[in-house]
Amino acid sequence: MGIESLCSADASEPFWDWNLTWHTENPDFTQCFQNTVLVWVPCIYLWVCFPAYFLYLRSHDRGYIQMSILNKAKTALGLILWIVCWADLFYSFWERSQNIFRAPFFLISPTVLGITMLLATFLIQHERLKGVQSSGVMMIFWLISLLCATVIFRSKIMLALNTDTEVDAFRYVTFCTYFILLLVQLILSCFPEKPPLFSEAVNDPKPCPEFSASFLSRITFWWITGLMIQGHRRPLEAKDLWSLNKEDTSEEIVPGLAKNWAKEWAKTKRQPLNMLYSSKKQQKSSDSNGEVMEEAEALIIKPSQRSSEASLSKVLYKTFGPYFLMSFLFKAAHDLLMFTGPEILKLLINFVNNKSAPNWQGYFYTGLLFVCACLQTLILHQYFHICFVTGMRLKTAIVGVIYRKALVITNSARKTSTVGEIVNLMSVDAQRFMDLATYINMIWSAPLQVILALYLLWRNLGPSVLAGVAVMILLVPINAVMAMKTKTYQVAQMKSKDNRIKLMNEILNGIKVLKLYAWELAFREKVLEIRQKELKVLKKSAYLAAMGTFTWVCAPFLVALSTFAVYVKVNKNNILDAQKAFVSLALFNILRFPLNILPMVISSIVEASVSLKRLRVFLSHEELDPDSIIRGPITNAEGSIVVKNATFSWSKTDPPSLNSINFTVPEGSLIAVVGQVGCGKSSLLSALLGEMDKKEGYVVVKGSIAYVPQQAWIQNATLEDNIIFGREMNESRYKRVIEACALLPDLEILPMGDRTEIGEKGVNLSGGQKQRVSLARAVYCNADTYLFDDPLSAVDAHVGKHIFEKVIGPKGILKNKTRVLVTHAVNYLPQMDTILVMTDGEISEMGSYQELLKQDGAFAEFLRTYANAEQSMESSDASSPSGKEGKPVENGVLVNDATGKLMHRQLSNSSTYSRETGKSQHQSSTAELQKPLAEKNSWKLTEADTAKTGRVKATVYWEYMKAIGLYISFLSVFLFMCNHIASLASNYWLSLWTDDPVVNGTQQYTNVRLGVYGALGISQGIAVFGYSMAVSIGGIFASRHLHLDLLHNVLRSPMSFFERTPSGNLVSRFSKEIDTIDSTIPPIIKMFMGSTFNVIGACIIILLATPIAAVVIPPLGLVYLLVQRFYVATSRQLKRLESVSRSPVYSHFNETLLGVSVIRAFEEQKRFIKQNDMKVDENQKAYYPSIVANRWLAVRLEFVGNCIVLFAALFAVIARNKLSPGLIGLSVSYSLQITAYLNWLVRMTSDLETNIVAVERVKEYAEMEKEAEWSIEETAPASTWPQEGKVEFRGFGLRYREDLDLVLKNINITINGGEKVGIVGRTGAGKSSLTLGLFRINEAAEGEIIIDGINIAKIGLHDLRFKITIIPQDPILFSGSLRMNLDPFDQHSDEDIWRSLELAHLKNFVSSLPDKLNHECSEGGENLSVGQRQLVCLARALLRKSKILVLDEATAAVDLETDNLIQSTIKSQFEECTVLTIAHRLNTIMDYTRVLVLDRGEVVECDSPDNLLQAKGLFYSMAKDSGLA
């Protein structure tokens, strides 16, 4: 009974009839089935989808779409369909009234269908109101409805044609109308609606076409075709890329992860905080950082006392879980569809064996196989698309959170996480999560596939499968051990990588010092030592990987062998026929994928777990307590800065650096902080900024703060951007600031005035200019409180005096502001309201200048000792407004070739910054300020990372092969071939075995068949192990070779290269590109080779079985190649654009880490976070189209593969009477795999081409111009050279590039051995150029320099630079021991080093350190004061004992006492030596033998100081300006 009662009033009509539907040459469904199931299926689909879809639309409102003709048409058709359905219903009621009783379905089906059509019409309108431009749910509904209606339509036509029965005319007409309306609805649903009103896409100049694309376009990724065509016609550029979808932007993604992490972090510290001011913390946390953007709030506000570990994995799951759920559903559907192939193959082989089966069944199976394969393709690539987008979002979120965290971690945390480590977190670790997102579902999917495959195998072969299962179980512990080991190696490798990147960062930051000292080789060895450890671990990983590949490639074969062996041996009557063998083989092939992918997934999870831990450790670092310093408006009148009983240390565990600090600064007063080197002056400012850990006490700083650090921090932006620093432009204030900070003459030097882009870290500015830009930034921001950390040290005293008068002093711009000035310049002290004297981290004295003199304490003694020095501060090189004024013109010249000639304008004498000439400069520089922005881009002094275009050249592959070694390369290919030949032979042998005749219920020769099958398998395994080892070892050879080349080429590059190239580009080469060469390219090569041979093998088998396939395979192959070439052009360029847009992310991040204290002081975190987000989004703008392009290609190529499946099955059906079941089984089972092979081959081809770009980018630097040879044996001078120290300049001229004017010309001067020569000159005179020429940092354009009779151009650079010593302006130290910083080549004994430290006045300090000479200097030497670093540089010079010493403003950053010590040391220890000093303070060279006066690149005067003063020339005017004449 049951459903039969619906079919007719008396239940006489059947619901299903096998004879009508299956066992016939002309199949059809029963009337009842047609009018129930085929009508209800689409209705059930829509009603099942409705609740979830309705809720989805409610939560995803994109704004409503206006009624369009398309929407009106769809709505009208929906209503007509409802009318047609209910016309049928009313007709049935009318029939009943006429006593014609039809089956119940004539009433039920039109009712259900009518209501469903009303629901569909409602959804059409609801989708419009919610902004859905193209609906997948509705399109699938119309498609299912049409397919079901097509079956009924065919049946009705056949009924009308084949029988004499009377046709129900009314129902015939209504059904035809219904069918046509469905067809029109389906066609209309293929077209998208207009964008919703007020949608962002309307205002976006380059919106991503994805959301406006139709459903059909989205599932086939047709919407990216426009970009693919564009990329095929010409190389893509950044401007061709679309904007990022809103839900993929940092603005949308990062806040979610940041908030969830903050909540998780808060949970781990439930216990009350044992802090002095915990109650105040709670009340302040809401408003103390009101400025900080919302998503950063959680990270910036929370203090960081941890009680237990927060779980980052839980947070990531909470944030990205919903995306993974979507991918879970798609993956589950795909996995189930995957097993339809073997099941249909089983039916197909049965069909071939059953000669009486009707032909249509074969075609039906073929069609079904094709449809299932196409569905599988569409679902698989939607799954992949979701995974990749999730991975992209995951990376965006992680990078965003790391950046936000980096802005708030404490200084002690910064020491544990160096710049290199944090950059690695952003590049390598974030990438690991991105990769994991693709594979994460395999954790459950692989076991599911294995279980389903084993179940179907059990059905096919029975208990014999248990033998295969046993083999698999045996392999599990082997792989578990390998996974554990891999994790250990992974941790070790990452540690080495961090150390290497950290060291490279330092090398790149201090490259000028390395070149001047000729230390490149020592540091190259240090890098290679770390690299050697890294490669050692990589080699161990490679052996493991080879073992892993061996076990996993052999696993399916071993499973098959053991299963078949047990099956045929257990019972002689078990026949291995084609159906059993090839269905099992198809299942084993399915089994191969999860078994092959599992190790990849495990290693990906292992890598991600290592990264997860590193990331969690970083995100759990202590953060600065925003409430340790009370900021903001203060009602009481105590003062602008109030510090009571405050004790500070650099970290919670360190002893206090500042003890019992008590002072109050009245509003608007000027305070000086003085003291010896390393007494805690800079620490005091850091404490007021909240950069130190407050142990106890109370600190209030009123209003906003502006901070000028001792070492100026300059951004890679225009001069104007550096000064405005994110604030609004106020022309009049800006001009006032420029003038007050003595920057007007510099604007004349710079080609585009303040619009000139200055290089990274301001490399193209002198120390003095950098300091003045840093000062101008602070002055412009108009803060309430100003903290100056010795800003006058890097500028000449004359300029310092101007700045003090115009800016800092009682009559300066800031006269009404509160100012705290750390200074070594005692001549300004009488003008101070209060002076704080620091001694060993405490305030030893405090009061006005007069009060302190009266106290007759340490301060008075200090002043008496240095009374002369005070006077000498007035006497200085007044010739220039900055400390190192040769440099602006000289390095400013590093500009684009076309416009370079225009730039080189030397300054006239009027450039001297003085009251008399101020007016004329102001006018000329105002014009500079107003130069049009249109020219801005032509004056960038640094070069952005550029993307190459076109195909990756074959030479790049050849270079990589050579790096591997040609022998290993060819051996690998040979072993790959052996492996695949053995694989094909074993399967062909199996097909012959299955075709063996059955005699008396058994097959003969079973033992032989089994033995040969096993032998082929073993030879396959040996070849697999061989090629795995060869590729892995070859990859390591290539890694070593390419890294060595890159390192050598970068170190050999001239200084101009580093001034043009942002360090982010170089760091990217050493981190991301080398990581790609280390870890990504070798496995890709392995998979590429494997896929290539798999495709070739499958085609050979199909052609052997059905030679007619030769008609189809070549054209399909041609389509395949065309589509692939079409794709690769775009994909390759997108990868390059992604690489290029990645560098600015690192550069900006590096820049932020270096200037984090300035950013925090100015409270600019919000703006910098936004900038970082924009740079990350720019990077993802190139990455997103590349992942879509991958899917676009895969869908098209899998369709080609599905066509091969279709034709292989079709030809097998056509030729079923001629072919053996074994061959058909072999052919179809291989064709089933070809789709996956093709897909994998293209992915690997594309991956190989896109990743080989890393080799291309590394090799790029091999072609750069190089410096001269480091050493030339033939011309190497004697080890005792130079004995005399005589330096002759003969007609010497110098230019910075071939197309530029000379900056030094016709220099003819002889400096005798032992002479002390001062070099002075006005701005741009060429003082620094002379030293750069002497060290051959820039080569001579004309003339020559002779030292002790040897032309320095003829000898090696190291031979020269080792023999001359310089004490540079910027004292740079490297992380490592103090001993390494003094003697990196380990050439000197401890006695020598201690003696040099004693002479440099550092012996007491170093002796007091726990580790003495092994004291670890932090990155950049940050754990020593600038003065102490300068003394270390002096100790280096003393240690080298060279005959020629060059001083480049070496005493700019030290106090007067230290300056005096340095000068006396130089006089005593270098008495016999030739000393060249670029004079910073004229008084220091007044006792020199001679003074060399340069002007406009020429020597204008050269004589003893006394004679020059009497001559009343240029030197006299400079001395007069300084008060020395």
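Glycine residues also receive a Cβ, built from the backbone N, Cα and C atoms like all the rest.
The structure displayed is predicted, hence computed values, not measured ones.
Here's what Swiss-Prot has on this protein:
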- 1-33: topological domain 'Extracellular' (TOPO_DOM)
- 55-74: topological domain 'Cytoplasmic' (TOPO_DOM)
- 96-100: topological domain 'Extracellular' (TOPO_DOM)
- 122-133: topological domain 'Cytoplasmic' (TOPO_DOM)
- 155-172: topological domain 'Extracellular' (TOPO_DOM)
- 384-439: topological domain 'Cytoplasmic' (TOPO_DOM)
- 568-589: topological domain 'Extracellular' (TOPO_DOM)
- 611-961: topological domain 'Cytoplasmic' (TOPO_DOM)
- Gly675, Gln676, Val677, Gly678, Cys679, Gly680, Lys681, Ser682: ATP 1 binding site (BINDING)
- 871-891: region 'Disordered' (REGION)
- 871-882: compositional bias 'Polar residues' (COMPBIAS)
- 908-930: region 'Disordered' (REGION)
- 908-928: compositional bias 'Polar residues' (COMPBIAS)
- 983-1019: topological domain 'Extracellular' (TOPO_DOM)
- 1041-1083: topological domain 'Cytoplasmic' (TOPO_DOM)
- 1127-1197: topological domain 'Cytoplasmic' (TOPO_DOM)
- 1242-1525: topological domain 'Cytoplasmic' (TOPO_DOM)
- 1289-1521: domain 'ABC transporter 2' (DOMAIN)
- Gly1321, Arg1322, Thr1323, Gly1324, Ala1325, Gly1326, Lys1327, Ser1328: ATP 2 binding site (BINDING)
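Fewest Cβ neighbours within 10 Å among the binding-site residues Gly675, Gly678, Gly680, Gly1321: this applies to Gly678. The most crowded of the binding-site residues listed here (Val677, Cys679, Ala1325) is Ala1325, judged by how many other CB atoms sit within 10 Å of its own CB. When the binding-site residues Gly1321, Ala1325, Gly1326, Ser1328 are compared by Cα distance to Gly678 (ATP 1 binding site), the shortest distance belongs to Ser1328. Residue counts for the topological domain 'Cytoplasmic' (384-439) under DSSP (helix as H, G, I; strand as E, B; rest coil) come to 50 helix, 1 strand, 5 coil. Secondary structure by DSSP for the topological domain 'Extracellular' (983-1019): 26 helix, 4 strand, 7 coil. Among the binding-site residues Gly675, Val677, Cys679, Lys681, the residue whose Cα lies closest in space to that of Gly1326 (ATP 2 binding site) is Val677. Cβ neighbour count within 10 Å across all protein chains ranks Arg1322 highest among the binding-site residues Lys681, Arg1322. Most Cβ neighbours within 10 Å among the binding-site residues Gln676, Ser682, Ser1328: this distinction goes to Ser1328. Considering only the binding-site residues Gln676, Cys679, Gly680, Ser1328 (ATP 2 binding site) has Gln676 as its nearest partner by CA-CA distance. In sequence order, Ser683, Met838, Ser1425, Gly1427 are the same-chain residues whose CB sits within 8 A of the CB centroid of Gly675, Gln676, Val677, Gly678, Cys679, Gly680, Lys681, Ser682, the residues recorded for ATP 1 being left out. Taking the Cβ of Lys1327 (ATP 2 binding site) as centre and 10 Å as the limit, one finds 30 other Cβ atoms among all the protein chains shown. Looking at Cys679 (ATP 1 binding site) and Lys1327 (ATP 2 binding site), their Cα atoms lie 34 Å from each other. Long-range contacts of the topological domain 'Extracellular' (983-1019) within the same chain: residues 554, 557-558, 561, 564-565, 568-569, 572-573, 575-578, 580-582, 585, 1097, 1100-1101, 1104, 1220-1223, 1225-1226, 1230, each at least 6 residues beyond the stretch ends and with a Cβ under 8 Å from a Cβ of the stretch. Cα-Cα distance from Ala1325 (ATP 2 binding site) to Gly675 (ATP 1 binding site): 35 Å (rounded to the nearest whole number). Within 10 Å of Gly680 (ATP 1 binding site), as judged by C-alpha distances, no binding-site residues are found among Gly1321, Arg1322, Lys1327. Under the three-state DSSP scheme, Lys1327 (ATP 2 binding site) falls in the helix class.
Summarised by DSSP class, the composition of the topological domain 'Cytoplasmic' (122-133) is 8 helix, 0 strand, 4 coil. Of the recorded residues, Ser682 (ATP 1 binding site) and Lys1327 (ATP 2 binding site) place their C-alpha atoms 31 Å from one another.
When Cβ-Cβ distances below 8 Å are used as the criterion, the topological domain 'Cytoplasmic' (55-74) is approached by residues 124-133, 185, 188-189, 191, 193-199, 211 of the same chain, each at least six residues removed from its ends. Long-range Cβ contacts of the topological domain 'Extracellular' (568-589) within its own chain (Cβ-Cβ under 8 Å, at least 6 residues beyond either end) map to 339, 341-343, 345-346, 349-350, 353, 453, 456-457, 460-461, 464, 556, 559-560, 987, 990-991, 993-995, 998, 1001-1003, 1006, 1010, 1220-1222, 1224-1226, 1228-1229, 1232-1233. Taken as a whole, the topological domain 'Cytoplasmic' (1041-1083) shows an average pLDDT of 85 in this prediction.
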